[in-house]
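Here the structure is laid out as structure tokens; the discussion comes afterwards.
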């Protein structure tokens, strides 16, 4: 037996809610339903609201129960909660996708509006109950509107067969007049037409606001099929349309100028950012052909035709072009146009995303240059992002360093934590160098070129992406056999003294796997227990190098390097003993100046530990062989050996012997690597390279030299640009190949020696300046140390009368937080974003973001202190001036003759010494921490 039905009373009518568990089959007829219950309408007056209770009685068992059991009452709220719990058990919510969005479809809710209870209303009710839908019933228009505004049902079924109870079309229009009905499905139940009569037209129903028409049918199965088809058809479509509201909200508030056109390029939508960018309003553009709008004369007509032809083929286009504003001004902007396919795989829309170019003046100059070139059909340089352009550090005066944050980071900006796909992020990080412009022009020329031209240009791009653009590669086919002397002469003059080492089959087809090991048994007895425990955490990025410095009395390099070298089997590869390695490490560490605040053996150990961490990244392990790993670790150990604690510019200005030896070019970097090999060769007891074959030694020596020289900051943007171009090309190719279940070609190309050299340079560069990406207590300590070292250089430059290389590092005025923010903005952000996209080091980006915010906070606190000090000094100066004036008036009252006879001079404000400016609190903090 089913549950008893319930009757909800209102002021103007009756809302019937039937609950049935076992009585929802198709055989359950209207007469049976009417025999099960009788509706008792509660009496209510127009001026008195209903009590909110419902009453019901069952006619089938009226004679079997007493009067007290015949009538039951429950509140409307209790009944609704009870029914909601039952339906939650029967119905499960489903999910559907809308493009990349995932939507949740809740249980469908239905409102039945029938003037009287009959077989049709019962059939819909039992069908809804059988499917587990939420269902309510209203008897008149007013009640229906109340329930609709309260419950917001998904489907409203209105009885259109009888007009004496209410006007169905009027009720439909009333519902459509509300905001809540935007995605509601309204169904009109009409009378069944006999076969000999013409069926009534459906157009009046559609004009009234109905979505569907249901011809009268009392079969529960038919009603159930109707509701299920609505749920899986129109309701899901309405749910997707409802999600479009969120998408349009995003478009309306997007900072990108977005334009949507039809397949015929008729404007269908532009967002407010587009209106603000070009000056046209949405109403002015709707229905117009975007191609017929005023065009900028700077655009090449032939190039525009090529773009539209490419779009027609279903290919997207991205590049820089010009648009004419409503005011007639030309606007250079970056544009990305995407074709959108619809039904039948045909293009239905075009979406254009536009961003103003960051530096229109430079683009205009570039455009004028392109007009005189032979590449009219290629697109201008691809400004895919508004990133910082590279520049030569030598062209920036040192007085501008503290302003770099304002130049390269927006006010109030922060490091973006939003992560994109690696290929997309690397693709957007195009650094503005001449070689990048050439590559982009060639890429544009390929888009509409014949296959033979495309293949030829691919070879050109492959050559341009190599590191040695000016070193000819002579092959045996290029040199005639009878001209061997020419071959030897040219080869000898152009050779850098390196030969490719012979690779074994193991090196070619497998990579070295790291097996974690303990320190050698001969070394364990020499390592104290506390140092040994700390060294166990050496593989972690959060390794505390400062604690190891304390435990080893500021000599951590030999201990840490021996531990790391054992883990990477360095002695095994070099075929040298552990004793020789230990002697070499102690010799190298002894050449690091412990008096340096920053460039000491602790810094070398820190760089070596970072290098080892990067070598463990999955993509690096898959590319590097054993020699690459060993060379990277050794280069990190020796990269700053015998550093004097002064910059290259200082040595050049001072006429130092090292500057004279190395001709003012990469003075320190050349000295570091040269000294390392000279120290190694002076004695067999320390020569870790003595057992290597000649070719292997030459290859390793070249790798170490190349990596150490890459730490010179004047070449920073050159190395970064090469790395971005190299990895961008091959990561994209790897992802494309991966979609076809294979990335061997991309892997093989990236493993070429010239490409691995670019990656190794980036490893040591990121390791050398990894302090901003460490936990903040390490980051802050290293910042204080480098600042003190620069302070000492500035003091010495002033005492010797030399040009001050970095005036901002004056210990009396320097702001360390601001200097760190500038350094991160100018050098670190761009490089670590590119490195993260390639090597996948999200933890470092997290620390970098956190440290950047910490430095910003400290800078704000420092500025507040300075403002407070300035206000206090002004107040003290005012009080001092008043006191002096009072004293002067008292002196005037004394005898002038006495004053003149004693030779006393009256004291005025001008004769007083100016109050010395108080030193920066930040520098005091530096001195305290360093002491």
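Heads up, the Cβ atoms here are built off N, Cα and C, so glycines get one too.
What TrEMBL says about a protein is an automatic prediction, not a curated fact.
Among the features that TrEMBL reports, active site, proton donor is placed at 599. Sequence-distant contacts of residue 599 (active site, proton donor), defined by Cβ-Cβ distance under 8 angstroms and a gap of at least six in the same chain, are 592, 593, 640, 643, 645, 789.
Among the features that TrEMBL reports, AMP binding site is placed at 599, 600, 601, 602, 603, 640, 768, 820.
Residues annotated as Zn(2+) 1 binding site in TrEMBL: 603, 639, 640, 768.
TrEMBL lists 640 with the feature Zn(2+) 2 binding site.
Under the heading compositional bias 'Low complexity', TrEMBL lists 50-64.
The compositional bias 'Polar residues' annotation in TrEMBL covers 893-905.
Taken from TrEMBL, the feature domain 'PAS' applies to 243-288.
Sequence annotations record features per position, and here TrEMBL assigns domain 'PDEase' to 523-862. Confidence annotation: the domain 'PDEase' (523-862) carries a mean pLDDT of 92 in the model.
Residues annotated as region 'Disordered' in TrEMBL: 37-68 (among others).
What TrEMBL lists as region 'Disordered' is 370-390 (among others).
Residues annotated as region 'Disordered' in TrEMBL: 859-931 (among others).
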Quiz prompt | Length of the line joining the Cα atoms of residue 602 (AMP binding site) and residue 639 (Zn(2+) 1 binding site), in Å | solution = 12
Quiz prompt | Helix-strand-coil residue split for the domain 'PAS' (243-288), DSSP-based | solution = 21 helix, 11 strand, 14 coil
Quiz item: Do any residues at least six apart in sequence from residue 768 (AMP binding site), in the same chain, have a Cβ closer than 8 Å to its Cβ, and if so which, in order?
Solution: 607, 639, 711
Self-check item: Recorded AMP binding residues, 599, 600, 601, 602, 603, 640, 768, 820 - maximal Cα separation rounded to whole Å
Solution: 22
Quiz prompt | Output field, Zn(2+) 1 shell: CB within 8 Å of site CB centroid, site 603, 639, 640, 768 dropped | solution = 599, 604, 607, 636, 643, 711
Self-check item: Lowest local Cβ density (other Cβ within 10 Å) among binding-site residues: 603, 639
Solution: 603
Practice problem: Go through 600, 601, 820, the listed binding-site residues, and name the one with the sparsest Cβ surroundings, counting other Cβ atoms within 10 Å. | Solution: 600
